[in-house]
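Now, the feature entries from TrEMBL:
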- 25-151: domain 'EamA' (DOMAIN)
- 168-297: domain 'EamA' (DOMAIN)
- 20-41: transmembrane segment (TRANSMEM)
- 47-67: transmembrane segment (TRANSMEM)
- 79-102: transmembrane segment (TRANSMEM)
- 108-127: transmembrane segment (TRANSMEM)
- 134-152: transmembrane segment (TRANSMEM)
- 164-185: transmembrane segment (TRANSMEM)
- 197-219: transmembrane segment (TRANSMEM)
- 225-248: transmembrane segment (TRANSMEM)
- 255-276: transmembrane segment (TRANSMEM)
- 282-298: transmembrane segment (TRANSMEM)
Amino acid sequence: MTVSDKPAAPAAEGTDWLSAGGVGLLVVIWGSSFFLTSLSLDGYAPLAVAGGRIFIAAIFVTAFALLSGQGLPRSLRDWGWSALVGIVSLALPFSLLSWAQLFVPTNIVAIFISAVPLFILLLARLVLKEAISLRKWTGFGIGFLGLVWLSSPGSMPDLPLRDLALPIAALALTCLCYATGAILIRIMPPMRPLQGTAGAMICASAVTLPLGLGAGLAAAPLVTLPALALLALGLLPTGLAQTLRFFIIRRRGPVYMSIVGYLIPLWAGFLGIVVLGEELRASAALAYGLIILGVLVSRDGRGKRVPPT
């Protein structure tokens, strides 16, 4: 959650197959989250999907935090920050994302989420008052152009403009929530990573689980494809991946980790097109290229930002 634990020394020179394998696994796991959400939505309402995945992940990460010795937040102040981070970076975006996927193809959603670093850049200027260089503003402009292009009807198969406004707004708010969560993590008091992550998930689950139950989470059959997809969604992208991300950053640092955010849309697009039969138009691919170019141009080379997922 925070950088209170000093990163481990970088691995020795040469090919670090363990870290490379971990990055590849993260791309597959996080890139599959949009696919798993789509399958879950075949049997559950959006609030039920959000509540279920966070509850399952909270159990997994809490157990891991306790077994690792980091435990849970200990003070009222730490629980307060965990609640704020959990609501902003988990409860709200997962709920918005699940609803948006009722209307927008998974490959488009994944491309949209790849723009989160651009939102972080903007908030760093507005909230943290960080100086933003001309190069970073140029990157932001390129990436923003990609977002506008992606939001156009030409990138969305069979979706008229009047039906796009609310889903696109939900995706934009999702990106804003992820970016705000990243800013909160930077300014919150020091807390050990797994300890803070577990606290945030517990607090997020306390908000979303009652809403999910009200939306029929417990009423659905347990042994169905949507139920299995929801279980996988909670265990893998929401639970295991967060833990794996922590270890990779400790081993190699955030610069090495940042490539994950650029590759996720490729795997998500593959699953959407090949398995779900979605269409990816050339205009959407161009928008993805503009967004990634904007993110790369806006980077300062020091690896301070890792795109949230």
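Quick reminder: no glycine exception, Cβ is built from N, Cα and C everywhere.
Note that TrEMBL annotation is computational and uncurated.
Sequence-distant contacts of the transmembrane segment (134-152) (same chain, at least 6 residues past either end, Cβ-Cβ under 8 Å): 108, 111-112, 115, 118, 121-122, 164, 168, 172, 283-284, 286-300. When each of 20-41, 47-67, 108-127, 197-219, 282-298 is scored by its Cβ pairs under 8 Å to the transmembrane segment (225-248), the top-ranked stretch turns out to be 20-41. Sequence-distant contacts of the transmembrane segment (164-185) (same chain, six or more residues past either end, CB-CB distance under 8 Å): 1-2, 81, 84-85, 88-90, 92-93, 96-97, 99-100, 102-104, 109, 112-113, 115-116, 119-120, 122-124, 127-128, 147, 151, 153, 156, 196, 305, 308-309.
In summary, the transmembrane segment (282-298) lies against the transmembrane segment (108-127): three or more C-beta pairs, each 6 or more positions apart in sequence, are under 8 Å. Note: the domain 'EamA' (168-297) comprises 106 helix, 0 strand, 24 coil (DSSP; helix = H, G, I, strand = E, B). Taking DSSP states H, G and I as helix and E and B as strand, the domain 'EamA' (25-151) has 99 helix, 0 strand, 28 coil. For the domain 'EamA' (25-151), the model's average pLDDT works out to 93. Taking every listed stretch (20-41, 108-127, 197-219) in turn, the largest tally of C-beta pairs under 8 A with the transmembrane segment (255-276) is reached by 20-41.
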